[in-house]
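Here is the structure we will look at.
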Ligand SMILES: NC(=O)c1ccc[n+]([C@@H]2O[C@H](COP(=O)([O-])OP(=O)(O)OC[C@H]3O[C@@H](n4cnc5c(N)ncnc54)[C@H](OP(=O)(O)O)[C@@H]3O)[C@@H](O)[C@H]2O)c1
């Protein structure tokens with residue numbers, strides 16, 4: 001019996017304790033479903049204030065069976081005992097979470113998109129107290145795409161025009177996607193490193209009417225919305241007589257959840273600071 005209890009305690013020590021902020025949402029539910037596969041134990045499930053889900057078991061909602069963690073709108077209580085909080089919620093909910101996580105010394109992985117300047121500043125402030133990773137796309141493949149797109153833009157040079165097209169489901173509330181903005185930043189930075197005059201590319205969101213020929217310093221970003229598309233991103237590099245189309249397609253939300261759990265493991269035991277998905281990939 002003592003041996004069995006010892007084994008259970010050792011198993012628990014090997015698992016990562018995570019709280020989920022936005023636990024009732026699509027991503028929060030995916031994290032609940034995949035946590036056990038990634039040796040993570042859900043210890044807190046935080047939902048929006050006054051949510052109809054409060055008190056309900058989060059595993060039951062996710063379809064994994066009861067796990068003994070009731071959803072709550074008490075963020076401080078939800079963080080108790082957690083090593084890392086994984087956040088997929090709304091930008092307006094992030095400041096309060098960051099304040100409470102730094103006070104509770106809980107590391108933060110956030111995938112919430114379209115953050116404003118206040119959130120950005122608070123991520124930096126929190127990173128002085130706990131490890132913090134924010135990424136608008138926690139899939140591993142999209143970061144590899146960003147590296148490839150940056151390399152292609154650098155090697156092809158300013159004679160090649162860059163345009164980015166993203167496609168998402170009809171319920172997505174923001175445009176362009178945070179990932180498309182990240183891809184544009186990667187291309188811009190690569191052109192800057194190469195010392196190209198066109199490094200100062202300015203984003204163009206859609207074209208209509210008599211806009212004239214494309215200018216050399218444009219970087220087009222286009223958002224297509226409809227159906228249930230989880231997320232496609234294509235970087236077009238268009239030159240004289242040829243073009244490259246570099247595409248990433250997400251076929252399941254689980255991809256982002258797995259990446260977020262991998263990021264949570266990466267932060268575990270790390271000193272305070274800002275971390276990136278590139279750090280996670282490098283291991
Ligand atoms: N980084 C990535 O790879 C990635 C991937 C997919 C999505 N995202 C982003 O992640 C976010 C969530 O996406 P989703 O698809 O899961 O959306 P969703 O299904 O709408 O879920 C968002 C959840 O956040 C909850 N929420 C709002 N305010 C909260 C608060 N103060 N405390 C706790 N929970 C709160 C909402 O609860 P109520 O329903 O009760 O309001 C909702 O359940 C979005 O910003 C999305 O763009 C990022």
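Numbers run from 1 along the shown chain.
Note that Cβ sites are derived from N, Cα and C of the backbone, with glycine treated the same way.
The domain 'Dihydrodipicolinate reductase N-terminal' annotation in TrEMBL covers 17-137. TrEMBL lists 22, 23, 24, 25, 26, 27, 111, 112, 113, 135, 136, 137, 138 with the feature NAD(+) binding site. Residues or ranges marked as NADP(+) binding site by TrEMBL: 49. For 141-281, the entry in TrEMBL reads domain 'Dihydrodipicolinate reductase C-terminal'. What TrEMBL lists as active site, proton donor/acceptor is 168. As annotated by TrEMBL, (S)-2,3,4,5-tetrahydrodipicolinate binding site applies to 169, 178, 179. Summarising the annotation, TrEMBL assigns active site, proton donor to 172.
Distances between the Cα of residue 113 (NAD(+) binding site) and those of the recorded positions 49, 168, 178 are shortest for 178.
Applying an 8 A CB threshold to same-chain residues 6+ apart, the list for residue 169 ((S)-2,3,4,5-tetrahydrodipicolinate binding site) reads 225, 226, 227, 228, 229, 230.
The 6 Å Cβ screen around ligand 1 retains 113 from the recorded positions 113, 172, 178, ordered by sequence position. Within 8 Å of the centroid defined by the CB atoms of 169, 178, 179, the record's (S)-2,3,4,5-tetrahydrodipicolinate site, lie the Cβ atoms of 113, 136, 137, 166, 168, 172, 174, 177, 180, 231, excluding the listed residues themselves. Secondary structure counts, DSSP: the domain 'Dihydrodipicolinate reductase N-terminal' (17-137) has 47 helix, 28 strand, 46 coil. Each of the binding-site residues 113, 138, 179 was assessed for Cβ neighbours inside 10 Å, and the highest tally belongs to 138. Using Cα positions, the member of the recorded positions 49, 168, 172, 178, 179 nearest to residue 26 (NAD(+) binding site) is identified as 172. In the three-state DSSP assignment, the secondary structure recorded for residue 178 ((S)-2,3,4,5-tetrahydrodipicolinate binding site) is helix. Cα proximity to residue 168 (active site, proton donor/acceptor) (within 10 Å) is found for none of the binding-site residues 22, 136, 138, 178, 179. Of all Cβ atoms in the shown protein chains, 17 besides its own fall within 10 Å of the Cβ of the residue listed as 'active site, proton donor'. When the C-alpha distances from residue 24 (NAD(+) binding site) to the recorded positions 49, 172, 178, 179 are tabulated, the minimum falls on 49.
Only 178, 179, of the recorded positions 49, 172, 178, 179, have a C-alpha within 10 angstroms of the C-alpha of residue 136 (NAD(+) binding site). Listed recorded positions: 26, 49, 168; maximum Cβ neighbour count within 10 Å falls on 168. The helix, strand and coil residue counts that DSSP assigns across the domain 'Dihydrodipicolinate reductase C-terminal' (141-281) are 54 helix, 40 strand, 47 coil.
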